[in-house]
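Annotated features in TrEMBL:
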DOMAIN    8-143  domain 'EamA'
TRANSMEM  12-31  transmembrane segment
TRANSMEM  37-56  transmembrane segment
TRANSMEM  76-96  transmembrane segment
TRANSMEM  102-121  transmembrane segment
TRANSMEM  128-145  transmembrane segment
TRANSMEM  157-177  transmembrane segment
DOMAIN    159-294  domain 'EamA'
TRANSMEM  189-213  transmembrane segment
TRANSMEM  225-244  transmembrane segment
TRANSMEM  256-277  transmembrane segment
TRANSMEM  283-300  transmembrane segment
REGION    303-326  region 'Disordered'
Amino acid sequence: MQLSPRTIGASGATLTAVIWGGQFIVARSAFPHLSPVWMTALRYLLAGALLLTLLLVREPGALRDVRRDPRAGRVLAYGVVGFAGFNLLAFVGLQHSNPEPASLIVSTMPLLTGFVLWAKLGRRPSRVTWVVAAVALVGVGTVLTDGHLDRLVTGGLGWGEGLVLLGATCWVVYTTGAAEVPEWSPLRYTAVSAASGGLAALAVAVVLTMTGVLSAPGAGDVAAAWWQLAYLVVPGALVAVLSWNAAARTLGAQDVSLFINLVPVTTFAVEAVRGQAPHPAEVAGALLTVAALFAGNLLGRRRPAAPTAPAEPAVERRVPAGTMTA
């Protein structure tokens with residue numbers, strides 16, 4: 001049986017969400033050894049180098065084509081916003097929060113995507129997308145509040161959660177930017193943008209270290225956090241980001257963002273394995289989230305594709321699968 005492009009895209013987005021669900025727990029465990037800023041810089045310097053190497057092997061003339069492409073500067077800017085912006089803001093916010101609320105904030109990406117696309121294109125999201133996003137978000141809130149949704153309001157949000165929200169917005173902007181270069185493979189888009197994001201994060205880390213705000217990590221610090229860095233670089237960056245960008249090309253930025261609701265569900269599941277048994281309300285919330293995502297993907301298959309006007313920027317245009325993102 002041959003899988004449809006939407007099924008492949010949905011599988012890639014699910015894989016990314018599961019990997020990123022563990023990312024918050026893994027990253028926070030490394031904070032005693034690496035600051036969030038230096039962690040981001042090291043993560044994407046390594047990931048960017050590996051991705052560029054892979055790009056040279058898979059697409060030998062890619063970098064030459066990138067230099068000649070007038071849109072390359074835009075892609076570099078998206079890389080700074082997405083990789084440096086999201087990771088710096090989210091990890092610094094996580095330092096003043098916990099994995100569960102941070103992952104809940106990230107799960108608002110479908111709503112954020114709707115606002116970003118609305119601002120960029122002046123086009124309202126479909127009613128189905130809004131409904132699915134709202135239902136999935138209710139499921140996530142149920143998981144993280146044990147059925148007491150009023151805690152989302154009465155508990156309040158600290159400034160750490162606010163930084164995570166800004167970071168999530170940065171990632172949404174990055175995701176929508178991928179469709180502006182539809183001829184680029186996901187590998188090319190990811191490699192070039194990750195490299196620029198890594199260099200930007202390094203520049204921030206160096207400036208903050210030179211001004212005395214941060215201390216540079218020593219070899220012992222890096223060695224002590226080796227497995228966390230390995231997770232953040234290989235599955236967290238190479239596998240997850242490539243899968244995410246491939247899914248975004250197939251499903252569109254608005255629909256792929258729905259799968260981010262699985263991030264907090266995964267975070268909760270990992271914590272449950274570590275000794276916190278789930279309550280009935282939490283299980284119900286997880287099932288509601290998965291059901292909403294499944295329904296959204298199924299309804300998306302049945303929706304006819306909207307015609308694309310030649311003069312309109314191809315920000316949300318879908319292209320065939322085969323072109324290849326926390």
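Placed from the backbone N, Cα and C atoms, the Cβ positions cover glycine too.
Remember, it's a predicted structure, so these values are computed and weren't measured experimentally.
In terms of DSSP secondary structure, the domain 'EamA' (159-294) contains 115 helix, 0 strand, 21 coil. Spatially, the transmembrane segment (189-213) is not adjacent to the transmembrane segment (283-300); fewer than three Cβ-Cβ distances between them are under 8 Å for residues at least 6 apart in sequence.
For the domain 'EamA' (8-143), the DSSP counts in helix, strand and coil order read 114 helix, 0 strand, 22 coil. Confidence over the domain 'EamA' (8-143), given as mean pLDDT on the 0 to 100 scale, stands at 89.
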